[in-house]
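I'd like to ask some things about the structure below.
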Amino acid sequence: MTYAVFVDGQEGTTGLRIHEYLAQRQDIEVLRIDADKRKDATERARLLNAADVAFLCLPDAASREAAAMISNPNTCLIDASTAHRTVPGWTFGLPELCKGQREAIRAAKRIANPGCHASAFILALRPLVDAGLLSAEALVSATSITGYSGGGKSMIAEYEAGGDARLQAPRPYALGLTHKHLPEMMAHTGLRHAPVFQPIVGNFYKGLAVSVPLHLSQLRAGSTPAQVREALAAHYEGERFIRVMPLRDPATLEDGFFDVQACNDTNRVDIFVFGSPDDKPGQILLMARLDNLGKGASGAAVQAMNVHLGVEESLGL
Ligand SMILES: NC(=O)C1=CN([C@@H]2O[C@H](COP(=O)(O)OP(=O)(O)OC[C@H]3O[C@@H](n4cnc5c(N)ncnc54)[C@H](OP(=O)(O)O)[C@@H]3O)[C@@H](O)[C@H]2O)C=CC1
Ligand SMILES: CC(=O)N[C@@H](CCC(=O)OP(=O)(O)O)C(=O)O
């Protein structure tokens with residue numbers, strides 16, 4: 001069986017990476033748009049409707065425009081943008097989210113893939129909310145360190161142009177506390193209050209880690225770091241792209257530094273529970289690490305396609 005696949009936004013950061021994944025596949029026929037027609041609405045509509053699966057690797061407004069062009073009921077859209085992640089009628093493209101999500105993605109024709117920061121945040125916290133360890137009313141904060149490819153072509157060009165000394169140091173941003181991932185972070189963890197979320201972009205191409213500090217007193221009374229880790233491990237049992245690391249991961253603690261880039265070029269997410277050796281301070285630090293262009297974007301999009309087509313087990317991602 002061969003599936004026709006079109007990538008709208010094929011020259012962008014996410015689109016190019018999806019093409020690299022698709023190039024390795026015998027079961028995919030890639031539909032390509034001529035370079036000079038990349039933004040021609042008629043030609044885009046023709047290819048979108050000719051596809052079994054169409055990836056939208058576009059700015060939000062262009063994604064909404066593309067979604068409105070679909071008249072073929074068989075075309076499945078997988079949107080990498082922020083446009084549809086909390087919109088009714090769209091299924092969140094994170095198979096590991098909860099029981100039943102894989103089946104929902106299999107059945108859906110409109111799949112909205114998570115943002116890179118949001119993927120890590122949701123995967124770290126959703127199991128704790130589901131297990132009743134963290135109340136849906138909890139007030140949480142999160143920091144994310146990300147490579148500059150998360151900002152797409154324009155940010156990559158800014159960093160790669162060189163010459164601006166300010167870009168050498170990490171740069172906190174979204175300081176208005178209204179980052180565009182907050183709605184999906186709330187909707188898909190079940191948290192009723194937006195986290196205080198501070199992302200930081202650094203002078204490296206890709207790799208991302210979200211950190212969520214928690215006092216044990218914020219969790220269900222009597223909760224221990226081991227129980228937190230157990231809840232995560234139980235939630236992701238059998239998930240091949242999620243690794244729940246040993247408590248206070250001994251390998252990471254050896255030299256005391258965390259490697260934000262260690263999931264690069266994979267579709268993996270590593271989740272950690274750190275804390276003091278004797279638990280006396282009653283605090284933990286949850287961390288989730290991924291490749292922002294892998295499980296944070298293109299890898300996740302291809303995984304969602306595989307789940308939708310029912311070829312997840314047999315083919316690549
Ligand atoms: N980079 C990342 O880590 C992640 C990105 N995303 C999301 O994925 C989407 C794509 O991001 P990314 O690949 O980084 O962005 P880029 O800026 O790298 O690429 C976007 C592409 O869309 C094209 N484009 C813009 N408007 C139109 C239009 N009207 N019709 C057709 N093509 C158009 C651009 O064309 P041109 O080349 O002419 O500018 C460009 O090639 C965004 O919504 C982004 O937020 C999601 C997860 C992670
Ligand atoms: C470094 C940087 O700017 N990163 C982007 C996130 C990229 C991403 O995953 O977001 P979307 O899929 O929602 O666009 C940001 O924080 O806005």
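The backbone N, Cα and C atoms fix where each Cβ goes, glycine too.
TrEMBL annotations: computationally assigned, not manually curated.
Annotations for this protein, taken from TrEMBL, read as follows:
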- 4-105: domain 'Semialdehyde dehydrogenase NAD-binding' (DOMAIN)
- CYS116: active site (ACT_SITE)
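Each of the listed features needs to be described in terms of its position in the shown structure.
In this model, the domain 'Semialdehyde dehydrogenase NAD-binding' (4-105) carries an average pLDDT of 97.
Sequence-distant neighbours of CYS116 (active site) (same chain, 6+ residues apart, CB-CB distance under 8 A): THR146, GLY150, LEU208, LEU290, ASN292, GLY296, ALA297.
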Could you tell me which three-state DSSP class CYS116 (active site) falls into?
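For CYS116 (active site) - judged by DSSP and reduced to three states - the answer is helix.
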According to DSSP, how is the domain 'Semialdehyde dehydrogenase NAD-binding' (4-105) divided among helix, strand and coil residues?
38 helix, 19 strand, 45 coil
